[in-house]
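**Student:** The domain 'GMPS ATP-PPase' feature in Swiss-Prot is assigned to 2-190. The annotation ATP binding site is assigned in Swiss-Prot to Ser29, Gly30, Gly31, Val32, Asp33, Ser34, Thr35 on the grounds of similarity to another entry.
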Amino acid sequence: MFDPASFVEEIGPQLRQKLGNEKVLAAVSGGVDSTTAAVLAYNLLGDKVIPVLVDTGFLRKNEAEKIKDYLSNILPNLIIVDKKETFISEIEGIDDAEMKRKRFRELFYSTISSLMKKFNARYLMQGTIAADWVETQGGIKTQHNVLVQIGIDTEKEWGFTLIEPLADLYKNEVRELARYLKLPKEISERQPFPGPGLLVRAVGKLTREKLEVVREANDIVEKYLDPFNYSQYFAVSFESYGNLVNLDGIDAFLYKARATGVKGDVRAYGNIAKIECSNINNVKNIIDTLVKYDITHVLCTLDERNSGKYSVAIRAVTTEDFMTADYVRIPKEILSKISSEILQKIPNVKEVLYDVTSKPPATIEFE
């Protein structure tokens, strides 16, 4: 059983010995992993730790300002660096999920490298956890913060040495550590958020319009589902284009957009399918059939209209360790409220869907 006090007692001397009087740049995304790593280091080493949040343009609605406010007392020297236009303009137009993640990684660490030179820091601390490197090593999807574990020499590539104090912990253990370190609950209980952020929730080719659709939709989903404390919940958006097919007697709509999944222990990159289902609790047999046909995510229609360009899918799961997960059976009235507000507030959304796929065969995120 994980004991956060023992963990801090053990890792403290290791960090002090390794880092000495060197400056450390701590990359903070606002998520629980990176923030816990930064606070752990700051508590141990003080002002030698320089926490930095890079605003990539892929953060949630008003996120940079919220993070600054949440952390004002525990990371008072947090620096926010605005790189929105750099990231969006460089990745705009890329449609492959892995290419988007890898381009994000290149831009992110080039930015970090420049900041480290500016602050004369030799070490980079980040919040990589066990689930990140397990997925990357397994080829399921590239986690932008997994470097050393896949043979990338950070000294040679970008001129810094990487420190990852949480690399052997899983999400539930990181949350325990965050509570022990007295992080505000807005951080310790915060929704998991991928390093590339909304980039991987704007499924398929990145456009500025799609990015703003998913930013607004995600905000609505979080507002309604926050009280339920599900393990993870969010929205994704993609173009509504596709075609009807019949697979083993099942009518399905296959979108042109594709999404990641897991088959065995390896990555799958397959179709997103929509089915008509009157009861989201009773779709297992349909999903078992469809995943044989290169389908990674199965969605049910919640609400739709004749106009609009984009589909918005709601994703909510329960999980202990994020290595496997089950989709949540959200009450119908809650889903109805969410879908109604999305259609009301975002004019270019054609339909709202609910993801009824567990992990495996789907990954939690779509990209």
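Using N, Cα and C of the backbone, Cβ positions are placed for all residues, glycine too.
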**Student:** Return the average pLDDT for the domain 'GMPS ATP-PPase' (2-190) as a whole number.
**Tutor:** 89
**Student:** Comparing the binding-site residues Gly30, Gly31, which residue's C-beta has the most other C-beta atoms within 10 angstroms in this structure?
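**Tutor:** Answer returned by the neighbour count: Gly30.
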**Student:** Determine which residues of the same chain, besides Ser29, Gly30, Gly31, Val32, Asp33, Ser34, Thr35, have their CB within 8 A of the center of the CB atoms at the recorded ATP site, and list them by sequence.
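**Tutor:** Near the ATP site, beyond Ser29, Gly30, Gly31, Val32, Asp33, Ser34, Thr35, sit Val28, Thr36, Gly127, Ile187, Arg190, Phe193.
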**Student:** Excluding near sequence neighbours, so keeping only residues 6 or more apart in the same chain, what lies with its CB under 8 A of Thr35 (ATP binding site)?
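**Tutor:** In sequence order, the residues whose Cβ lies under 8 Å from that of Thr35 (ATP binding site) (at least 6 apart) are Val28, Ser29, Ile67, Leu71, Leu75, Gly127, Ala178, Leu183, Ile187.
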**Student:** Counting only residues 6+ apart in the same chain, whose Cβ is under 8 Å from the Cβ of Asp33 (ATP binding site)?
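**Tutor:** Sequence-distant Cβ neighbours: Gly127, Thr128, Ile129, Leu166, Lys171, Val174.
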**Student:** Applying a 10 Å Cβ distance cut-off over all chains shown, what neighbour count does Ser29 (ATP binding site) have?
**Tutor:** 25
